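Student: Below, the features straight out of TrEMBL:
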type: SIGNAL; residues: 1-29; note: signal peptide
type: DOMAIN; residues: 91-126; note: domain 'EF-hand'
type: DOMAIN; residues: 130-165; note: domain 'EF-hand'
type: DOMAIN; residues: 226-261; note: domain 'EF-hand'
type: DOMAIN; residues: 271-306; note: domain 'EF-hand'
Amino acid sequence: MVSRQAPLCGLAAHCLWFLGVILLMDASARPANHSSTRERAVNREENEILPPDHLNGVKLEMDGHLNKDFHQEVFLGKDMDGFDEDAEPRRSRRKLMVIFSKVDVNTDRRISAKEMQRWIMEKTAEHFQEAVKENKMHFRAVDPDGDGRVSWDEYKVKFLVSKGHSEKEVADAIRNHEELKVDEETQEVLENLRDRWYQADNPPADLLLTEDEFLSFLHPEHSRGMLKFMVKEIIRDLDQDGDKQLSLPEFISLPVGTVENQQGQDIDDSWVTDRRREFEELIDSNHDGTVTMEELENYMDPMNEYNALNEAKQMIAIADENQNQHLEPEEVLKYSGCMHTLPWVVDTRLLSGMNAP
């Protein structure tokens, strides 16, 4: 379970997302609702072969937590690293204005929902391309003989070696059909990975994954079948009454834990508020109070153009002071003074100089 930590104050640890709706979150102090960068970190070997908990451009983490970096990812794409917390404000400002001009296709100095939708789809495609590129490297790590196929047993050896087991002992045990002695937690992870492996194995099933199938294994957002599998896993984990769908109380239910102070209570309140809004405004598309597997799948599909349009409208609406359904630099500057009322924090140093050369 992700631990609940109190948010840190100050500007030093802020991250940036959009001209006026720039998300600046402390990555090391997110509430339990959001998986932090630090919590995602694993050792190098595991990172090469294990499916990541976090998927760029996907609304939910693998554990069902909200992806708090989502708006940054679908706006900045591969350029996220260029807006690190130590970036010089004037340099970041220039980069933002370059991005603004790219989004503003008709050069009217306004961002429309359609323009933002197109940009979101382009940035999402960048994340897809990056995943394909990384997958080639990860596949080589589990396919040392280079025959283009990896068996479950070969993968199992690699996984257990990454957990500190002897490669020779594991390989011998598998070859001789002997029981492997692993701890309960590792056994549970193995069973989950095996289910995922079988799901990624396209018909006719042979338990051998090609490079494309291994991509689906690591990144379920690249495969409709694997995306469905991911949705089923999330619903299974959150569904308390066994009806294979999610009610609002189930979706906003707090993780197990004890709230010991006001900061902890504030974090819990934020968890409930964020998830309630996401459930009611975006996931429950027919507003009947229940989220089906189909609704959750549509919500999580990063290449769903309808979702991208909704996200574009939402991002613009936050700062649309004159209610013309467009985002303008002037609105961003005027709006910066009241951003503290939202769940995102703006760095006014960047906003105050946005029109500066």
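Each residue, glycine too, has its Cβ placed from N, Cα and C.
Unlike curated entries, TrEMBL annotations are predicted automatically.
Burial and contacts for the listed features, if you can.
Tutor: Counting only same-chain residues 6+ beyond the ends of the domain 'EF-hand' (130-165), those with a CB under 8 A from a CB of the stretch are 43, 45-46, 48-50, 56, 78, 171, 174, 180, 182, 186, 190, 193-194, 197, 207-211, 214-215, 218-219, 222.
For the domain 'EF-hand' (226-261), the residues of the chain that approach it from at least six positions outside its boundaries are 1-2, 4, 32, 60, 62-64, 196, 199-200, 216-217, 219-220, 268, 271-272, 275-276, 279-280, 283-284, 289-293, 296-297, 300-301, judged by C-beta separation under 8 angstroms.
Long-range neighbours of the domain 'EF-hand' (271-306) within the same chain, counting only residues 6 or more positions beyond its ends whose Cβ lies under 8 Å from a Cβ of the stretch, are 31-33, 57-60, 66, 117, 121, 124-125, 127-128, 221, 227-228, 230-232, 234-235, 244-248, 251-252, 254, 314, 343.
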